[in-house]
Amino acid sequence: MPQSRTHSRTATKHIFVSGGVASSLGKGLTASSLGQLLTARGMRVTMQKLDPYLNVDPGTMNPFQHGEVFVTEDGAETDLDVGHYERFLDRDLSGQANVTTGQVYSTVIAKERRGEYLGDTVQVIPHITDEIKSRILAMSGPDLQGHRPDVVITEIGGTVGDIESQPFLEAARQVRHDVGRDNVFFLHVSLVPYLAPSGELKTKPTQHSVAALRNIGIQPDALILRCDREVPPALKNKIALMCDVDVDGCISTPDAPSIYDIPKVLHSEGLDAYVVRQLGLPFRDVDWTVWGNLLERVHQPRETVRIALVGKYVDLPDAYLSVTEALRAGGFANRSKVEISWVPSDACETEAGAQAALGDVDGVLIPGGFGIRGIEGKLGAIRYARHRKTPLLGLCLGLQCVVIEAARSVGLDDANSAEFEPETTHPVISTMADQEDVIAGEADLGGTMRLGAYPAVLAKGSVVARAYGSEEVSERHRHRYEVNNAYRDRIAKSGLRFSGTSPDGHLVEFVEYPADQHPFFVATQAHPELKSRPTRPHPLFAAFVDAALRHKLEERLPVDVHGEERAAADDEIAESADRDEVASVDSAG
């Protein structure tokens, strides 16, 4: 007879989050919020996303299909949910946090070619599922600081019933068998639709979703009941009975006013306490000090500021998810609500178009992107912000567009990027040397950009150095093109200052117009939005929103000859910022 296994109750616990009925129910936010609650109870939590698509990573996927690509410190291109994980846990994750079917199959096929399966017939079970399990269990190993997590939360992408998700669900089922049932918790997110004609909430879709999960061999321990309203106790009892789940494990999650309210919603329903009891974790009260301060700033802003996001993919806001969350966090730092005006970059190609799109905003943000479409509109928005003294922040492609606009302003009329016009006579933005084979089609496109965290040195006394409070910083990157150093001196005649470079001085990382020329005009080749946290806003975004507030208040309170109204504006800004209450941000953001 096979020997029975013994499992330690002190082992790392695994929580699997699956979804049913429909996609886009908020599995990622649910998982992130539960992670935040467990972290607030004093536990060390890490998270992982299993994506069932065949792409190796989302790096080459259309932003309109996938949304943004979130880059980790170690340079992995990952799903946007990993950004939620980092923001809610307030910790950096690695490339291990995102596993795709493409990665799994690539690894298994490579092992087969090397003969590692000793002549076995390679199959989905056990070879694919074993590879998935190894990646799940690897998350319970020590992190860079040598600490093992108390809890690993793994979100399984897709919907129960999808063909693509079946190997991942089977692997999760096997993990429960391998590490012990007491060490695994299955949380299933399901839709409870409301039918307006009959005025009823319907439980049948959830029942069918759980039945499909059971057919795979997984009995959920708790259910997240997604609805646009509270699920009444009678329906909770019915769902608990029909799905064989404790009533305490049936969690009603109506739509919340803010994503940062979701931890409070889950806590009020008792989910975190239920998980702690079921897994035998140490029971500590939730420390709401940090998150409660955040919610106060979310719901009690003292000012409102309007920021134009001038982008190419504005029809799908998820394409700029980290940017919008970083803007909102910059607002939290200044006790302000940030309203985002989504501006298609094409709308700003003409001066009249830029005036119509940007005339009523307090700041302009130029985000990253690829390709020539909409570039002239971005240049028009930059020109408008420069002439009108409207605060501007450029990110990645935003820096490249700022440099092109500055070059054209000093007589290099056909200045352009080698990306948009390879034959331009003035390639002020050029292809990085190690990217030329990729551009020529002689190397892989995916996973070959300049990716991950890189250091930069900032000029003493510069706007960016003052914003960071340091002259040495580190930011994450994702690009193939750089400022052409042959044009630095000529571009500098426009007044644009190259205020931050790589430590060797070769790569331009930050540009700006000095404070005596413009109230705030900064651009970076990096993606600082990826390091922003709601509880620790990134200093560049905090400074940008602060400048936008000043711009707004100066419009409201014009300067008189004695400067009295300027002083009044400064007092109002100082009160609204209230920076002493914001957690300090280190030089790395």
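Cβ atoms here come from the backbone N, Cα and C positions, even for glycine.
Region 'Disordered' is the annotation Swiss-Prot gives to one range among 422-449, 478-505, 562-589, and that range is 562-589. Binding of L-glutamine is attributed by Swiss-Prot to GLY369, LEU397, GLY398, LEU399, GLN400, ARG480, and the same site annotation extends, among GLU349, GLU351, GLU419, to GLU419.
Going through ASP81, ASP90, ASP92, ASP120 against Swiss-Prot, the one listed in the ATP site together with SER24, LEU25, GLY26, LYS27, GLY28, LEU29 turns out to be ASP81. CTP binding, as stated in Swiss-Prot, involves SER23, ASP162, ILE163, GLU164, LYS202, THR203, LYS204, PRO205, THR206, GLN207; the candidate among LYS111, LYS133, LYS236, LYS238 given for that site is LYS238. Among the binding-site residues SER24, GLY28, ASP81, GLU155, THR203, GLY369, the ones whose Cα is located within 10 Å of the Cα of LYS238 (CTP binding site) are THR203.
Considering only the recorded positions GLU155, GLY398, GLU529, LEU29 (ATP binding site) has GLU155 as its nearest partner by CA-CA distance. Secondary structure from DSSP puts GLU419 (L-glutamine binding site) in coil. Residues listed for CTP, SER23, ASP162, ILE163, GLU164, LYS202, THR203, LYS204, PRO205, THR206, GLN207, LYS238, cover a largest CA to CA span of 31 Å.
Looking at GLY28, PRO205, the binding-site residues in this record, the fewest other C-beta atoms within 10 angstroms of the C-beta turn up around PRO205. Note: the Cα of GLY26 (ATP binding site) and the Cα of ILE163 (CTP binding site) are spaced 21 Å from each other.
Cα separation, SER24 (ATP binding site) to GLU155 (Mg(2+) binding site), rounded: 13 Å.
For the binding-site residues given as ILE163, LEU397, LEU399, the lowest number of other CB atoms within 10 Å of the residue's CB is seen at ILE163.
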